[in-house]
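Please read the structure below before turning to the comments.
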Amino acid sequence: MTTDHINYQQQIAQSINEEKDHELLETIDNAPKQQISSNSIGINQNSILKNDEYQKSNQISDNHMNILTPIERRERILTLIIIGIIAFLTGIDYAIILPTAWGYINTFMRYHYGGFVMGILLSVFALSGAIAGIILGYLNDIGISLKRLVLFGILFKIIGNILYFIGINIYIVVISRLIAGIGMGLVPPLLAEISRRSTPKTRTQLLSKVLGCRQIGLLVGPCFTILLKQMNFVLFGIRVTMYNSPGLLMAILWLILAILTLFFFFDSPLSSVDHKVSSTPLNNYSFSQALKRVYTICKQPVIIVLLITSFIAYFNQTALETTLTPFTNRQFKWHELEVSILFAIAGIEITLVYVLLHYITKKFQDQSILLFGYILLSLACLIAVIILPFSQPGTQKYLPIFLLFVALDILALPLIVVTSTSLFTQQINNDEQGIGQGVQRFVINVATIVGPLYAGGLLKFTWIMLCSMLFIVLFATFLILAIYRSFKSKHDEELSALIRPTNNIR
């Protein structure tokens, strides 16, 4: 053996020792001084192992899309299309039922009590949907097939709309909306599925598309209303009119969707975690465990702020919708035509914002968009509070200012709705997405109940209502600023439709 060869081996050994010493020094420098004890070292090792597992899961998820077969890609696209159609029909349902509900109610009772029953009709729909959302979301988390839950929700939609069409008396009409509201419980598990099928980077874009489908339904709905006004015939002994025909139309549309769901909706495959959940007997889960999950989710400061911001956004929206018609009638002498045109333009604006969100989210973080949305909302309320005291009823002088207020309010709404939902999904684990979305939708539904009631009680005191709305919007803006740096993503996984389970990828 030559001396050069011996020197070469010594150099290799020395370089290896130097690398080991360097790694040891880096470990000591990065580790906090408190971790010198044996217990702290154990905790540090656990965190390192978790980080390694997290990085491995990210590497696996990044490769998931590359291993999709053409059949798997097709099934994934079809499933997302069905979810979009569901959102589209919920928009149509709202757009054709609500405008005709007032006349439908007055065919059964005196005009004097119509407002009270109208409030009950809206409240039972929102309340049953809120409760059903938490239940269906929890069932999805513990392993119940999403396809079965969707068909279950659509079944209640069909039954509720058939009863609404029959409408023997006012009690049947109220019960029909209660049953149809249970069908809205399928929304949380669907939103949870979207969060599981996407990364935090692409989730906001996907949510904006799905929520945009609902907005398109809200725009298309009035077109159906025009056609339904011509209805006047007898079907199975029931007189079909413009008031009960929306129930018949929606029952048919939901029935068609049920058939499409049966053939073109595909559950995503079970990952290693999902296998453990689904293999656990259903009787091992209890009501107390569901409450514990809700408490675990809601005790986080970031989650609390997101729930508050969601509540305030929908409270503001429904309050504005409630006061818009009587305010414009008193202030600008507007009637149904002018208000309908304003709502149509507003719908177009919201749809365009949903489209723009697809591109905006590629350049800006969700929390930045959420904060910007609340700044716009604060500016809109501030303009209304300052200008309203100087506005005289019956004059058009401040009409441009009023339209600016409405435009800013509507511009801010989609920014807040989409980003708050996306950020909410990023703060909770994948196995809690269903019940987490159920909690958020429950808060939103409560806001849609409280908002109209609050605004309806202050119709003659609009300035006081706007001042209170400005206060709570500024409060929400302050909360977002306070926890702005606390927003983070707990998981960066992409679980697409029928992607092979992670435990099979080695």
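Backbone N, Cα and C atoms are what each Cβ position is placed from, and that goes for glycine too.
For reference, TrEMBL has these:
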type: DOMAIN; residues: 79-493; note: domain 'Major facilitator superfamily (MFS) profile'
type: TRANSMEM; residues: 77-105; note: transmembrane segment
type: TRANSMEM; residues: 111-137; note: transmembrane segment
type: TRANSMEM; residues: 149-172; note: transmembrane segment
type: TRANSMEM; residues: 178-195; note: transmembrane segment
type: TRANSMEM; residues: 216-236; note: transmembrane segment
type: TRANSMEM; residues: 248-266; note: transmembrane segment
type: TRANSMEM; residues: 302-319; note: transmembrane segment
type: TRANSMEM; residues: 339-357; note: transmembrane segment
type: TRANSMEM; residues: 369-392; note: transmembrane segment
type: TRANSMEM; residues: 398-418; note: transmembrane segment
type: TRANSMEM; residues: 438-455; note: transmembrane segment
type: TRANSMEM; residues: 461-484; note: transmembrane segment
Long-range environment of the transmembrane segment (77-105) - Cβ separation under 8 angstroms, sequence gap at least 6: 114, 117-118, 121, 150, 154, 157, 161, 164, 167, 170, 173, 180, 184, 186-187, 190, 193-194, 197, 206, 209-211, 213-222, 224-225, 228, 242-244, 246-247, 249-250, 253-254, 257, 260-261, 264-266, 497
When counting Cβ pairs under 8 Å to the transmembrane segment (178-195), the leader among 369-392, 398-418, 438-455: 438-455
Same-chain residues near the transmembrane segment (339-357), Cβ under 8 Å, at least 6 residues beyond its ends: 204-205, 208-209, 211-212, 215-216, 218-219, 222, 324-325, 328, 369, 406-407, 410-411, 413-415, 418
Contact ranking winner - 111-137, 216-236, 398-418 against the transmembrane segment (438-455), Cβ under 8 Å: 111-137
Local confidence of the domain 'Major facilitator superfamily (MFS) profile' (79-493) - pLDDT mean: 84
Touch test for the transmembrane segment (248-266) and the transmembrane segment (111-137), at least 3 Cβ pairs under 8 Å: no
For the transmembrane segment (302-319): best-contacting stretch of 111-137, 149-172, 216-236, 398-418, by Cβ pairs under 8 Å: 398-418
